[in-house]
Structures are given as C-alpha cells and as structure tokens.
Amino acid sequence: MASLALSGSCSLAFPLKSRSLSLPRPPPSSLNLTKPLRSIHSRFSLVKSPLPVDAALRRRSTLTRASSAAGAASSSPSPPPVVPAPVPWQGAAIKPLIASLATGLILWFVPVPEGVTRNAWQLLAIFLATIVGIITQPLPLGAVALLGLGATVLTKTLTFAAAFSAFGDPIPWLIALAFFFARGFIKTGLGNRVAYQFVKLFGSSSLGLGYSLVFSEALLAPAIPSVSARAGGIFLPLVKSLCVACGSNVGDGTEHRLGSWLMLTCFQTSVISSAMFLTAMAANPLSANLAFNTIQQTIGWTDWAKAAIVPGLVSLIVVPFLLYIIYPPTVKSSPDAPKLAQEKLDKMGPMTKNELIMAATLFLTVGLWIFGAKLSVDAVTAAILGLSVLLVTGVVTWKECLAESVAWDTLTWFAALIAMAGYLNKYGLIEWFSQTVVKFVGGLGLSWQLSFGILVLLYFYTHYFFASGAAHIGAMFTAFLSVSTALGTPPYFAALVLAFLSNLMGGLTHYGIGSAPIFYGANYVPLAKWWGYGFLISIVNIVIWLGVGGAWWKFIGLW
C-alpha cells in the first residue's frame, strides 16, 4: 500500500509520458510484507529516475540564485521608518499676539489721568489691544474681537450684558444681511446679467467701469439714507459679479485684475457720496440736530447739498483716478469686452424664475429703504423682509446663509467694536478727551482759521477709536462745534464742515462706517493696504474739502 501511494504521488509530480510509471502488480502471494523497507526502497529507486543532466543543472542553478537572493535580502539593511510630517501650528500667530497683549498691558499699568475713571482707562487698554490685534491678525478678526470682549468681562470692566449689547444693534445685522443678499444676487445669475450690461455699456476700460459705478451710487445716495444698505444691498453684489465676470476672483491670485481697485474705489467714494446729502447717511440728521441745539441755526437739505456739491464732485472724480494710479488694476483696457458681454447675455437668454424673484425682492427692499420713513419701516427691517422672501421661495437657503462665514465673522467683530467704543463714551473718556483738546487749542492764542484747522484734524483722526459715525458725532460734535465758535469760527460754517467730515472720516478703517466692513469683507484688499490707502485718501479728501470747498464756501458766503 505504501509503495502504491508513493508511486501515485510521483506520477503526479512528473506527468511526462516517458517518465510515467506503469509497474506490474505482483500476485498477492508474491508480496513479502515482512520486508517493507526493501520493497519501498526498490520502488522508490524506480520512481526516482533522474531528469536529464541539463534540466537538473538548470534547476539547481535556479535554486542557487533564489537562495543567494534571499540571503542578500536578509543581509541588506532595512529601510528607515517613515517619520510623519509635523502637524503645523494652528493657533495664534505669536508675534502679532505679543504685540496686541503688550499694547494692552502697557496702557493698563500707566497711571490713570485725573478726571478719568479706572474702568474707562481699563476699557481703553483692552480696546486698543483689540484694535492692534485686528490690524496684525494673530487670529481671524471675529476671534480677536471675541477675545477682547472676554477680557472686558473677565476683568469686570464690563458686564456680560454690556459687552455683548451691540449684538442687538441693527447695523451689524444689516451688514450680515447684505452678504446674504449678495449670495442670492450671484447664485440666481441676476448679478452676472446686470454686470454684463454694465460691461456692455462701460466695459471698454476699467476706469470707465469704475466711474459708472461711482456716479450710480452717488445718484442713489440722497434716496437711500443708509450707506450700509446702499453698499451691501445694491453695490456689493453688483461689484462682486463684475469682478467674477472679468476673471478677478478671491484666493486664486487674480484679485488685482480688477477686484482690488474696484472694491477700494467703491468704498472710498461711498463715504464721499454720504457727505454730499443730508439724507445720504443715517447720522447726518443727528449732526444737523446737534448743530441746531448748539448754534440755533437750521441746516436744511438744500443748504447741505449746495455747500457739498462742488467739493463732493471733485472728490468723486479725483479719488478713483488717484487709486487707479497708485493701486491699479492689471487689466486696464479691454476693447472686446462689450462685444463679449453681449455674447454672454445672448447665451444667458431670458430671465429665469429665480432671477425674477430676486429682482422683485430687491426692488421691494430698495423701495422700503427709500420710503420706509413714511411707513415706519427701518432699513434692517426691510432687509429682513427681503431675506424672508428669498428663503420662503428657495432662492436662498438657510444652509447657504450659515455657510456665509464672512457675514458671521463681520457681525462678530463689528458688534464687539461698537460695544467697546460705546462704553468708552458712556464711561466719560471721550468727554474728558474733548475737554482736554479744547483747553489745549484754546490756550495757543492762534487765529480762528488755524485753531479750527487743528480742531478739524483732531476731530477727524480720533475716528480710529470709533466703530460708528453716529457714536463719534454724538460724543464729540457738540464739544468741538462749541469750542470752534468760541474761538471765532463762523458757527454755520463750522457746523457744516464738521458734518461733512463726520462722513469722510469713515474711510480711514475697515470698521469706521457701515459700508467699510461690507466692502472689506469681500476679501479683495489686504488689511494693511486698506488702512494705508484709507489714510492717504483721507489727506486727499481733507485737502479737497478744505481747499476747493473752502473757496466755494467763500464764494457762496458761508464765511
């Protein structure tokens, strides 16, 4: 049996016909089971008939090479283990964080001046530290502002309710709602349609396109008394659509094709148009009211427009061109753009249902912004109504609103700055500063022109400490107007100049007026350039309004 099993297995191993084994089975009587080893050996030597010599050598060579390769592999050094890449630091940027904290700590331990409360001084330290953090950005703006609010609560400088009180202010919400409108404007394609129409009419040059937007906004300014509504609800969506249509997008290196210059131009000219009409900015009537209470003279709509029209038009012409020279778009001329825009419009075809809903909602909202005062509907209520229509009809979804991270970030940091700046005024710090300035300038013994010039500059550049034109006007307008008239400045002239500058100073920062966080939030212009060009344009505006404007005001008899 063993011999049969072995012979069967060998025949499977060597299936060649010449090598197959066909052994005669002996009769049972011839089987000698007492000698199994000899029988097995005999049969095994038959099965084990050797291969040809060359085949055997080849097989031995193959086995030798395989054995050598295995030996070599076992003797070679193993590769070093893969070291995982270090996880990058995702926290705050250290140097900007140190700069922000150092600013606050230094001021915190400076002796409190006479006439200032300890709480007011501590709040000033935290506010300035927050401003430095917003400029240097150790963290995103919203996070920096939230840390600032947390510091006010932790140090007992403000209560929680006071620190977060500005989240109930309508202006930050109006700004956030503007971003939601922009989402619908672009999503439906209405933004592209309107943008292509603008390119078709004015798009042969970037400068012509910019001026068309600047003067369109100026024409709407007297009818829409909220610069936030004008900028966010109408012009931000349009400008973003124009940028995208011209191939200028955020984050892909094409911002400077058109978007950077256009965003900065539209922002800087929005503060000019706000200064040109009594009804162009929500805080302008406050200036007129405070002027009446101080000098007993009324500033009417016509008087305001008459005094502002000449310097305003000069600024609207000069500022876009100046920015075009010092911060130019890379695409300046596009002669084929109008033709291409027409082709795009033909390809788009008639307006879709969502475009029609978006257009109707926009007209409804703008109509309420214009006539809302007669209907007792304020700007933010009108915007909420418009957004409600877009949500109900599905033109914009709530998930898309939640995805607008820039809107929520802007809402956070702008509300935080409004709260801190507001309590600086409530704690009496602004009043103390105003009185100190008044005593200093009054004691110099200068002519009223020079004294008024110093007061104007101080009034203008203290706006770095304010996140709202209305807050600045309410805190400092009366004091500076009173001192100006006491030093010999013609009262009506002084009131108008301070009122005009109360708008122009909004161009200094990305938080100084309602349109600032809207245009800055589009992310086409870096913060350092925003502040740098804001300061430069402020000098240009002051020269125009006090130079050209001064000559015009002399001509019409204001002084």
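Placement of Cβ uses the backbone N, Cα and C atoms for every residue, glycine included.
Curation plays no part in TrEMBL annotations; they are all automatic predictions.
Record features, source TrEMBL:
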TRANSMEM  123-148  transmembrane segment
TRANSMEM  160-182  transmembrane segment
TRANSMEM  194-214  transmembrane segment
TRANSMEM  261-283  transmembrane segment
TRANSMEM  304-327  transmembrane segment
TRANSMEM  356-372  transmembrane segment
TRANSMEM  379-399  transmembrane segment
TRANSMEM  405-424  transmembrane segment
TRANSMEM  436-458  transmembrane segment
TRANSMEM  464-483  transmembrane segment
TRANSMEM  492-513  transmembrane segment
TRANSMEM  533-553  transmembrane segment
(message) Is it true that the transmembrane segment (436-458) and the transmembrane segment (160-182) have 3 or more CB pairs under 8 Å, sequence gap of 6 or more?
(response) no
(message) For the transmembrane segment (160-182), I need the partner stretch with the highest count of C-beta pairs below 8 angstroms, choosing only from 123-148, 194-214, 304-327, 379-399, 533-553.
(response) 379-399
(message) Do any residues, 6 or more residues outside the transmembrane segment (261-283), come within under 8 Å Cβ-to-Cβ of it, and if so which ones?
(response) 206, 209-210, 213-214, 217-218, 221-227, 230-231, 235, 239, 242-243, 299-301, 304-305, 308-309, 312, 315-316, 319-320, 323-324, 327-329, 379, 468-470, 473, 499-507, 513-516, 519-520, 522, 524-525, 529-530, 533-534, 537, 541, 545
(message) Do any residues, 6 or more residues outside the transmembrane segment (533-553), come within under 8 Å Cβ-to-Cβ of it, and if so which ones?
(response) 264, 268, 272, 275, 307-308, 310-311, 314-315, 318-319, 322-323, 326-327, 453, 456-457, 460-461, 493, 496-497, 500-501, 504-505, 507-509, 525, 559
(request) Report, as numbers and ranges, every residue of the chain located at least six residues beyond the transmembrane segment (123-148) whose Cβ falls under 8 Å of a Cβ in that stretch; write 'none' if there are none. (result) 92-97, 99-101, 103-105, 107-108, 155, 157-158, 408-410, 412-413, 415-417, 420-421, 423-424, 427, 429, 464-465, 511, 527-528, 531
(message) Would you say the transmembrane segment (405-424) and the transmembrane segment (379-399) are touching, if the rule is that at least three C-beta pairs must lie under 8 angstroms and be 6 or more residues apart?
(response) no
(message) Can you work out which residues elsewhere in the same chain, 6+ from the ends of the transmembrane segment (492-513), have a Cβ less than 8 Å from its Cβ atoms?
(response) 134, 227, 267-268, 270-272, 274-275, 280-281, 283-284, 287-288, 291, 294-295, 297, 299, 303-304, 307-308, 311, 413-414, 417, 452, 456, 459-461, 463-464, 466-469, 472-473, 477, 480-481, 484-485, 520, 527, 530-531, 534-535, 537-538, 541-542, 545-546, 549, 553, 558-559
(message) I need to check the long-range neighbours of the transmembrane segment (194-214): which residues 6 or more away from its ends have a CB within less than 8 Å of a CB in the stretch?
(response) 235, 238-239, 241-242, 244-246, 258, 261-262, 265-266, 269, 316, 320-321, 324, 329, 331-335, 337-338, 340-342, 344-345, 348
